[in-house]
Amino acid sequence: MADEATRRVVSEIPVLKTNAGPRDRELWVQRLKEEYQSLIRYVENNKNADNDWFRLESNKEGTRWFGKCWYIHDLLKYEFDIEFDIPITYPTTAPEIAVPELDGKTAKMYRGGKICLTDHFKPLWARNVPKFGLAHLMALGLGPWLAVEIPDLIQKGVIQHKEKCSQ
């Protein structure tokens with residue numbers, strides 16, 4: 001994993017017990033319940049640490065997720081839509097998070113705005129199936145990706161704050 005702060009954050013996220021994906025009907029309902037409980041705890045912990053940085057919701061089946069994430073840089077809030085589908089082979093296969101408006105703006109992204117998590121995150125996910133869930137995906141996948149990519153994209157002038165664009 002990463003630094004001590006990251007280990008602490010991840011240790012406070014409840015691990016999941018049910019090894020089930022969307023094909024597993026009744027077990028999937030149990031897995032979804034665990035996913036929501038884990039996400040709620042993670043968001044509560046973030047709010048308590050004054051580090052609230054995303055919102056997620058899903059369709060009724062829990063197979064399509066969407067929401068917003070934001071990154072604060074130089075006291076300016078940069079907000080992005082996020083989306084992902086739960087793979088049929090979940091939890092063995094991690095979801096691929098897309099940030100559509102950043103599509104094509106960084107080399108660390110695949111077509112369609114899917115962020116690159118292969119080198120660092122996917123091996124970690126594979127070692128922790130079925131304990132890791134969507135809260136872990138956000139904490140160890142999207143969060144670090146935003147922390148590296150967004151300041152770089154801002155510095156290069158690839159993205160600008162919405163208020164600066166309207167002036």
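Note: Cβ is positioned from N, Cα and C throughout, glycine not excepted.
Copied from Swiss-Prot, the annotated features are:
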- C116: active site, glycyl thioester intermediate (ACT_SITE)
- K122: UFM1 cross-link (CROSSLNK)
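Spacing of C116 (active site, glycyl thioester intermediate) relative to the residue listed as 'UFM1 cross-link' is 10 Å (Cα to Cα, whole number).
Over all protein chains present, the Cβ of K122 (UFM1 cross-link) has 15 other Cβ atoms lying within 10 Å.
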